[in-house]
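K.L.:
Supplied in structure tokens, the structure appears directly below.
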Amino acid sequence: MYDWLNALPKAELHLHLEGSLEPELLFALAERNKIALPWNDVETLRKAYAFNNLQEFLDLYYRGADALRTEQDFYDLTWAYLLRCKEQNVIHTEPFFDPQTHTDRGIPFEVVLAGITGALKDGKSKLGVDSGLILSFLRHLSQEEAEKTLDQALPFRDAFVAVGLDSSEMGHPPSKFQRVFDRARSEGFLTVAHAGEEGPPEYIWEALDLLKIQRIDHGVRAIEDERLMQRIIDEQIPLTVCPLSNTKLCVFDDMAQHNILDMLERGVKVTVNSDDPAYFGGYVTENFHALYTHLGMTEDQAKRLAQNSLDARLVKP
């Protein structure tokens, strides 16, 4: 079944480039940039990839991202991910990147962007993988800081298809960022946002009504609010769900409890994605395979999930 799932044409709509930084590449970048890491070797680092919640993961995620310093580093990171896309028949990807993670460390915005977009262009020409880049604001920082990031992005607006919102969800509702999302939309950007992962269904309502998003990233807690579920079904608002991430971060205790197939059968436009695959133990095919192994996903369900991902693209073919 793995090979069949791997061959299925699909899109990935919820992937953080910084979260695809595999330990081997992290160590190579640290050596290249003469950065001391708190882990002795790749295996020690892999053992550190045990999280009880989103914040524990984010602490490690930001520590790893510190090894990314140069345009070549960002190119290598993005290219390594695109090679995985090619291996797994991901024909289209819409990855996130977090400029604030890097500009706050003194890395110029244009250095980060040049490395990523250079790889995405090569991914199209050399691998046949289409893409659309999403600039994501960090919600644990202020709206004013997000606005500064938007200002930095405007000279390069053609490089992006949308702006998004990620990082620590609890205590940072979408309403905190209404003004910057209004500005982004007025500048022609589409909008997406993480909501309803650890946060309550109210955060999803806010993302829809205040940020006016085209797509909900995660959204698994929508099932707790029947009125919200009906709206998502009626309006066919896509959810970019990340099963392995949800179990690694204890949103669900184990994969057998995941609600993605329940939502699919109710008519929700759910999609399968890997989120931060280097940290969560698998890319898109591994996420599909986990649904087959633990939830008994059928071939028909897999085809519908894959088609949903292609239908939910912001960048239309």
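Please read every residue number as a count from 1 along the shown chain.
Glycine too: its Cβ is placed from the backbone N, Cα and C atoms.
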K.L.:
Could you look at His102, His172, His194 and say which one Swiss-Prot places alongside His14, His16, Asp275 in the Zn(2+) site?
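P.N.:
Among His102, His172, His194, only His194 appears alongside His14, His16, Asp275 as Zn(2+)-binding in Swiss-Prot.
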K.L.:
Looking at the recorded positions His14, Glu197, His218, whose Cα is closest in space to that of Asp276 (substrate binding site)?
P.N.:
His14
K.L.:
Select one residue from Asp275, Asp276: among these binding-site residues, choose the one with the most other Cβ atoms within 10 Å of its Cβ.
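P.N.:
Most Cβ neighbours within 10 Å: Asp275.
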K.L.:
Give the sequence-ordered set of same-chain residues, not counting His14, His16, His194, Asp275, with Cβ within 8 Å of the centre of the Cβ atoms defining the Zn(2+) site.
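P.N.:
Everything else in range on the chain: Leu15, Gly19, Phe96, Asp166, Asp217, His218, Thr240, Cys242, Ser245, Asn273, Asp276.
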K.L.:
So among the recorded positions His14, His218, who's got the most Cβ atoms within 10 Å?
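P.N.:
Of the recorded positions His14, His218, the most buried by Cβ count within 10 Å is His14.
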K.L.:
Can you grab the distance from His218 (site 'Important for catalytic activity') over to Asp275 (Zn(2+) binding site)? Cα atoms, rounded to a whole Å.
P.N.:
9
